[in-house]
Structure formats: structure tokens, C-alpha cells
């Protein structure tokens, strides 16, 4: 199965890289990974490559505390737009499994609710995310899926998110930083942290609300980030943006094989910009002081 997946991934990378280029945006990284924008792929061709493989895509989402209110909209919109026609297994991590909404799922798609504790600080949920995903891959996902995508719950699908997102190691460009120089990125800049990035390093700034890829690739990512988070905890330091800082450090050393444009991770607080032709998946506007307990 892995050899078949690798062959299909290579075909997909070639298709996106060789598609008619958009001249208004960057479509290929310096290490030749495609950046997926509207107009750089044919959805029918790409879906046709993957559907015969009958792959399963694990999808993790955390709905803890007041964030449970976003889960119904997330799931209902996902069923309309997210990998439609593919086998998807949602893993919902929550402190309120009895409150997980009943949402009609298409054939071949299912949901598992897994209990996690409710922490005193929202930052602790963020910090523990990598550990929880790592354990779930070991205990369950590795036996059930070929791909895993890790998404935030306070988001909503608006348009197609299909097989064009599948790849070995996939990261999403932050919608507020994709046009900035790296010295403006909010990397962790304190050398005491394992997430430290010097000013002369870095390629792009990635948002932790969307990342994924082959299960084994994501396992290596979350395991490394978890280990580094534990080192920082022992040294009494917390990276500026918790697991997102560690994700960015990892992806500097281990380049993603595909990048998703901000179409796949837009922020509803942002005004429209010309290069965004389609908003596919976006972070909902909310009062953070109200939904976070501290």
C-alpha cells in the first residue's frame, strides 16, 4: 500500500507543479514542493488518482470546554466539503463526550469521541495536543488509516477541500504572514527554548490549525514536538505560540512536501484580498476572552 501511495503522491506533486501557473502568487517552494492555490489543480483528475486506492483519512479535532460549541458547525460543514467521497474517520477529543452532536455522516465516514481532561489553562490544551495525537496514533490510528490531518475545531468549511491536500507531509501557510519576510515571523526567538529559530533561518510561517500527511510522517512530527515541549517544561519555559512554535521549528528542519495556501486556513477577521479566489476553510471570528477560561 505504501508504494502505491508514494507513487500517487509523486503523480499529484507533478500534476500540481506542472499545472498552469498563477502569476500572482508563489506556487512552488525553493525545495520544489507545490503550493496549492485555486487554479493550480484539476479536482477531477486529482480525485481520480486517489479514489481507487480507497484510503482512509483520520481527522483529529479538539473540542474542550467552551470550544464544544463549534463542533456541530465544523462537522456539518466538513460533511459538505471535506474530502467528499473519501473514507474519513473523525477523532473528537473532548472533556464532554456526551455532548458531541449527532451529525449525519456519509457512508464510509465515522466518528469516535475520546475523553481528554479539561485543563486549567487553554495553553495547556495546546501544549498537550501533540502528546494526545501521538498516543492515539500508536493505539488506534496507525492500524486504521493511511493519512491523518489535524485540524482546529473553531473553523468552518466553505468550499471544496479534496484530494489535492493529500501528501507525505503537509503544512498550511498562515493567513497573516504568507506575504511577510521571515524576520517578521513570530517564531520563538529565545535561545533557551527548543523551538528557537534564529533570525536568519526559516522559509514560511505555518499555522498549527491545519497540518497532516501520511500517518508515519505526522507521527514523527508530533513525537518530536512532544519531546521538545517536555524539555521546555523541565526548563520552565513556554514557547511563544505553544505547539505552533514547535511545529514551525520542526518544519524548518523537515521540509513539508506540500503547502496549502491561505485558502485552506483563512481568518474571518481578515478583509478580502485579490489573490484569495476561494475561501475553503476559515477560522471563525469569536471573543477569545469569552471562550477561553483564562
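Note: Cβ is positioned from N, Cα and C throughout, glycine not excepted.
Among the features that TrEMBL reports, UDP-N-acetyl-alpha-D-galactosamine binding site is placed at 62, 63, 64, 67, 152, 153, 154. The feature Mn(2+) binding site is assigned by TrEMBL to 152, 154. Residues or ranges marked as active site, nucleophile in TrEMBL: 244.
One way to see the shell of the UDP-N-acetyl-alpha-D-galactosamine site is to take the Cβ centroid of 62, 63, 64, 67, 152, 153, 154; the remaining same-chain residues with a Cβ within 8 Å of it are 61, 68, 70, 71. Sorting the binding-site residues 62, 67 by the number of other Cβ atoms within 10 Å puts 62 first. Residue environment of residue 153 (UDP-N-acetyl-alpha-D-galactosamine binding site) contains 22 other Cβ atoms, counted within 10 Å of its Cβ in all protein chains. Burial estimate for the binding-site residues (63, 64): highest at 63, by number of other CB atoms within 10 Å.
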